[in-house]
Amino acid sequence: MAWAMDNAILETILQRVRPLIGQGKVADYIPALASVEGSKLGIAICTVDGQHYQAGDAHERFSIQSISKVLSLVVAMRHYPEEEIWQRVGKDPSGSPFNSLVQLEMEQGIPRNPFINAGALVVCDMLQGRLSAPRQRMLEVVRALCGVSDITYDATVARSEFEHSARNAAIAWLMKSFGNFHHDVPTVLQNYFHYCALKMSCMELARTFVFLANQGEAFHLDEPVVTPMQARQINALMATSGMYQNAGEFAWRVGLPAKSGVGGGIVAIVPHEMAIAVWSPELDPAGNSLAGIAALEQLTQTLGRSVY
């Protein structure tokens with residue numbers, strides 16, 4: 001590769017952004033996430049040829065939350081023809097908060113994209129129709145992608161989310177009223193919350209997502225994860241819709257396809273080169289990791305990387 005990387009570079013980047021800790025806010029609308037220590041900070045890289053770099057709390061597991069929406073879309077792509085998926089969910093950025101009901105009502109129950117809550121719930125509804133055990137299947141996929149056999153769900157987080165699920169339930173029932181939700185709402189919500197409650201580290205996330213940097217192929221697996229076209233499509237969706245309503249700001253500052261979660265994680269893709277995962281639990285007003293975005297900005301400037 002035409003760039004030099006070592007752990008010391010990542011350590012330097014973390015030191016530069018560490019002063020931001022204390023300026024964001026840990027997600028508190030999910031009680032099980034509110035207790036996470038806000039000072040955590042980690043970063044990891046996995047290259048398409050299997051090299052690994054890390055710094056900070058890169059090996060500590062956390063709740064990946066909405067990062068899982070990429071994985072559920074990947075599973076759906078492996079079980080449904082393309083036209084069936086995109087009849088039920090769009091490909092456009094929302095520009096609204098990730099749990100908005102207003103836009104969904106105006107657009108007759110068709111979510112703008114699979115990375116807002118409504119879109120991810122439709123994808124989970126589709127998986128319920130094709131998989132006998134959707135939660136177990138997700139674990140199998142993630143463990144294979146990551147090469148780690150003990151990745152599991154945080155039952156406390158999943159239960160906490162289900163106990164505070166009124167808004168997501170409203171989203172699901174609204175889509176059901178428009179005929180775009182076919183299965184039992186509580187069952188699908190449980191699957192959705194378990195996906196969000198996957199516990200993974202930065203290093204595990206970088207390794208899991210490196211297939212998106214390598215035209216759908218993971219260096220340690222014999223079979224492609226998705227086709228090259230599907231990998232490009234997923235990266236495009238991440239670029240336009242992966243950072244909630246701040247996708248444009250993120251494109252301006254960082255310039256990579258990425259997906260964030262309110263657990264403080266972000267996964268970013270440098271096509272043909274690497275997957276990057278960062279974690280810092282304190283969030284900005286849009287629900288993205290404050291120090292995590294700054295770390296990615298520093299890294300892309302250091303490496304001279306952008307898809308634009």
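Yeah, the Cβs are placed from backbone N, Cα and C, and that goes for glycine too.
What Swiss-Prot records for S66, N117, E161, N168, Y192, Y244, V262 is substrate binding site. Neighbour density for Y244 (substrate binding site): within 10 A of its CB lie 25 other CB atoms from the protein chains shown.
Farthest C-alpha pair in the substrate-binding residues S66, N117, E161, N168, Y192, Y244, V262: 19 Å apart. Take the CB of S66 (substrate binding site) and look out to 10 A: across all protein chains shown you find 24 other CB atoms. A sphere of 10 angstroms centred on the C-beta of N117 (substrate binding site) encloses 22 other C-beta atoms. Of all the binding-site residues given, namely E161, N168, Y192, V262, the one with the smallest number of surrounding CB atoms inside 10 A is N168.
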